[in-house]
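Below is one structure, written out as structure tokens, with a few remarks after it.
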Amino acid sequence: MGLLSDPNRRKALTNLLTRLNTPICIVCYLAAIMWFMGLAFEPFTLRTYMSENAMGSTMVEERFPSGERALSTAKEFDAHKRKAGGMPVEWLVKTMQARGLEVFTQSFSRTLPFPDENKERYMVRGTNVYGILRAPRAPRTEALVISAPCSPGNSNNQAVGLLLTLAQYFRSQVYWAKDIIFLVNEHDLIGMQAWLEGYHHTNITGMEYSPLQGRAGSIQAALSLELSSDVITSLDLVLEGLNGQLPNLDLANLFYAFCQKLGVLCTIQGKLQRNDWDTAEGYTHAAQTMMLMVLKQASGRAWGDHGLFLRYHIEAASIQGINSFRHYKTDVTTIGRLLEGMIRKLNNLLERLHQSYFFYLLPSLSRFVSIGYYMPAFGLLAVILLLRALDLWVHLGSPALAEVDGDSEVEQSSSPGVLSVLTPVVISHLTGVALYLLPVQLQEMAVEHFPVSETEAVVLTAVAIYTAGLALPHNAQWLLSGEGTEQGWRVLKLTSLLYLAVLLGCTALVNFSLGFILAVTLVPIAACITPHMPRALSALAVVLLSPGFVILYCVFIYQELIEAPVSISEGWMLFLSVISQGILDHVLYGSLVYPLLALFIYPCWLMFWNILFWK
């Protein structure tokens, strides 16, 4: 405390930080990147372990024997689905009732703001079918959910057949302490969103649905099953949910424990675990796996039906059966036993999963990086913003120190007008509001005047507004307020630095991956930008590090990490698709990434763009 209370010592510390400001910032940035990349090195990570005593004390004995029956049920389901031209609601109701469940249906409809060209839908109507197995040994105040989406074509028929066979097997057991809900939802996430809103008596996305006639207890956990092929070689665990939410780590630990027990090949991000962590190949593999999780989490999308459960504080994960490894094969009986074991362990819970981590990164299923390990990487980037703000504050407080000629008195008396600083801030945020609102609202006008579809109109309007915003702030400042002062751009930069620090800090607390990616690209701009830099070269660098280009880079990096590289033209089309999906995810499910980028991050970037062209 004496260092800060003594004026002489405080002045000496301030002078030291001001004099070494640039070297410290460079060291912090390099240290942040090195720290983050070092997180994939196995000695720097922790081994996963079961924190919940109710799930980790003993392993249950799995006895599910009906794999062949599940396959025959899947074929029967496929035949009725082809006959009905969609989800066979009546057959599902009769089949679940024959298995002793309380069966209910829910109809729903949703009109999309513009057509979803990836799945070729606009007016969505469907029906969810769910059956409830009542707990024979408890007051029926808690429940578990097993779901399987009814996908078009032949995909996921095995999952539905396995779900129905598990329901029949579970019905014959007497040890259930929680209700078990077997749910077959139509139209993937839209159907799941309708069911969850109906179950919890909410309507936050404008969905039209019929009220649920049957309910179970409070849902404690959920598993979503997706089998993409008739031949399953491995099971992939999907954890990333809406807005970057993750389930409790014990749910992933439970999946991994049963995979190890049953000898099932398990993956995360579609990648097998390697044991040669001390080699360059082993580290690269772990880094790629971790980076895939970072990119998926940063997107804010729900990467499976489980992602929508997390909003309601329900721990959920998706288990996807994939066919990627020729030398392995997992039969349906084994998958059924794995699900049986997980449900039985979740059935033993006396309270919600809470003892393990909710914030983590996974370079593999057996190792994890906790929030205490990865947050320092972001903290080092945030320190740069605070150091640059401190440097500006010192220069603003003592302008005489910055001038040594006769013009110093003029500089001291020339204080920045409020309007000259406030104008670019307001214009930048109005541009962000236009980027958020106008693409969807102007789609009809764009379709009338240009030969494009509704989806293309929305995306191209967003790109046009984003590009037009580059010309607005600095021109508006010049037109409305005349020429700015030297202190004017410093005040604006000080405001922008603190604003960006708060934005990135709040984002990283909720979604670390998104906050870190934005910090890596925006912090260099914020730290270096001044009106005295070479305009052309600096403008190019600032544009290449803008939020839009960051999304484009992430598209190419993601395709490289999943070993499906694309050309520049294909990458551009994927980039446009990502924008349209981001807008749809916001409207349909409440994803916050698009409004965050449009209303806050992009205007903040425009403020730094305005500083570069300060007159």
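Cβ atoms here come from the backbone N, Cα and C positions, even for glycine.
Note: TrEMBL annotation is automatic and uncurated.
What TrEMBL records for this protein:
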- 20-41: transmembrane segment (TRANSMEM)
- 371-390: transmembrane segment (TRANSMEM)
- 417-438: transmembrane segment (TRANSMEM)
- 458-476: transmembrane segment (TRANSMEM)
- 496-529: transmembrane segment (TRANSMEM)
- 536-559: transmembrane segment (TRANSMEM)
- 596-614: transmembrane segment (TRANSMEM)
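If you look at the transmembrane segment (596-614) against the transmembrane segment (496-529), you find at least three C-beta pairs under 8 angstroms, all six or more positions apart, and that counts as contact. When Cβ-Cβ distances below 8 Å are used as the criterion, the transmembrane segment (496-529) is approached by residues 25, 29, 32-33, 36, 243-244, 293-295, 297-298, 300, 359, 361, 371, 374-375, 377-378, 381-382, 384-386, 388-389, 392, 538, 541-542, 545, 547, 550, 554, 593, 596, 600-601, 604-605, 607-608, 611-612 of the same chain, each at least six residues removed from its ends. Long-range neighbours of the transmembrane segment (536-559) within the same chain, counting only residues 6 or more positions beyond its ends whose Cβ lies under 8 Å from a Cβ of the stretch, are 291-292, 295, 298, 463, 466, 470, 517-518, 521-522, 524-525, 529, 565-566, 571-572, 574-575, 578-579, 597, 601-602, 605, 608-609, 612. Listed by sequence, the residues of this chain that lie at least six past the ends of the transmembrane segment (20-41) yet keep a Cβ under 8 A from its Cβ atoms are 277, 283, 286-287, 289-290, 361, 363, 369, 373-374, 376-378, 380-381, 383-384, 387-388, 390-391, 516, 520, 523-524, 527.
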